[in-house]
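Asks: For reference, TrEMBL lists these features for the protein:
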- 37-283: domain 'G-protein coupled receptors family 1 profile' (DOMAIN)
- 22-43: transmembrane segment (TRANSMEM)
- 55-74: transmembrane segment (TRANSMEM)
- 94-116: transmembrane segment (TRANSMEM)
- 136-154: transmembrane segment (TRANSMEM)
- 201-221: transmembrane segment (TRANSMEM)
- 233-255: transmembrane segment (TRANSMEM)
- 267-285: transmembrane segment (TRANSMEM)
Amino acid sequence: NSSSVKEFILLGLSENQGVQKIYFVVFLVVYTLTVTGNLLIVLTVTSSRHLNCPMYFFLCHLSFVDVCYSSVTAPQMISGFLVENNTISFAGCIGQLFGVHFFGCTEIFILTAMAYDRYVAICRPLHYPALMSRRLCGRMVGGSWAGGFLHSTLQTLPTALLPFCGPNRVAHYFCDVRPLLHLACADTRAAGLVAVANSGVTSLSCFLILVASYVVILVSLRGQKAAGWHKALSTCGSHITVVILFFGPCTFVYIRPSGDLSEDRSVAVFYTLIAPMLNPLIYTLRNGEVKGAMRKLCRR
């Protein structure tokens with residue numbers, strides 16, 4: 001690498017000292033809740049004999065991804081609120097970039113797999129056990145991880161190979177493609193287009209698949225009685241909430257042409273920290289089975 005920059009300075013969310021102290025407390029609490037809540041779900045699902053249907057298998061993987069995803073950005077950001085210059089090495093920065101896209105994209109694919117699971121459960125209930133076999137679920141999750149890895153490699157490699165020779169202040173609280181392209185000493189238009197196409201197309205196409213699956217579900221419920229509607233919406237409600245919280249901000253940041261980086265920062269908080277924290281709450285509050293299994297686990 002011809003880069004002479006050995007480390008970057010992450011500018012974080014705010015440069016105001018007073019605000020940073022408040023942020024430190026707020027995000028430390030958010031991160032602690034994220035890790036605790038999601039690990040509790042992983043433990044509950046893996047230790048309970050009753051939670052063995054595909055929905056909980058996916059939920060367990062989603063929670064694990066959420067722990068990893070928020071751990072890539074949050075500790076660096078939280079510790080940064082306490083120091084003058086929040087520095088990260090060149091290798092650390094590229095590693096963080098890889099991690100954010102790896103876990104973020106894996107999460108997108110797992111949410112898409114969960115939508116397919118809900119579609120089969122509601123629209124093809126009699127064929128559900130045959131269609132959603134353990135083998136297929138394993139393949140879908142494996143494919144999600146492999147897809148995340150491929151996406152992340154395609155995002156990270158072109159950025160890592162750019163020359164960085166001058167300014168090293170990253171206008172973000174983690175290393176992402178767009179803020180890094182602003183610092184490269186080369187023409188980054190092509191790399192920028194590839195990045196937007198890669199992230200934007202991935203998040204938008206999965207989002208459209210999700211929307212389509214819900215349209216099909218709603219259409220299939222037309223002739224049903226109120227009880228059928230209620231059951232379907234209660235199983236889909238939590239998933240729709242998570243999808244909106246995660247995809248909305250994510251698509252906003254990656255699909256639009258590079259504009260104001262400070263906007264990206266505040267929107268990114270939603271999908272890197274707030275959505276992973278809310279996922280366990282959304283899935284457990286709506287779900288008696290998970291709550292029951294959690295109580296049993298806590299008693300043990």
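The backbone N, Cα and C atoms fix where each Cβ goes, and this holds for glycine too.
TrEMBL: automatically predicted annotations, no manual curation.
The shown structure was predicted, so the numbers you read here are calculated from the model rather than taken from an experiment.
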Asks: With a cut-off of 8 Å between Cβ atoms, can you find at least three pairs linking the transmembrane segment (201-221) to the transmembrane segment (55-74)? Only pairs 6 or more residues apart in sequence count.
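Replies: Not in contact, no.
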Asks: Look over the recorded stretches 22-43, 233-255, 267-285 and say which has the most C-beta pairs under 8 A to the transmembrane segment (94-116).
Replies: 233-255
Asks: Sort out the residues at least 6 away from either end of the transmembrane segment (233-255), same chain, that have Cβ-Cβ distances under 8 Å to it, and list them.
Replies: 55, 104, 107-108, 111, 114-115, 118, 121-122, 195-196, 199-200, 203-204, 206-207, 210, 214, 217, 264, 267-268, 270-271, 274-275, 278-279, 282-283, 285-287
Asks: Give the nonlocal contacts of the transmembrane segment (55-74) in its own chain as ranges (CB under 8 Å, at least six residues past its ends).
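Replies: Here the qualifying positions are 27, 30-31, 34-35, 37-39, 41-42, 45-46, 96, 99-100, 103-104, 106-107, 110-111, 113-114, 117-118, 121, 137, 140-141, 144, 173-174, 235, 272-273, 275-277, 279-280, 283, 290.
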Asks: Given the model, what does the mean pLDDT over the domain 'G-protein coupled receptors family 1 profile' (37-283) come out as?
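Replies: So the average pLDDT across the domain 'G-protein coupled receptors family 1 profile' (37-283) works out to 85.
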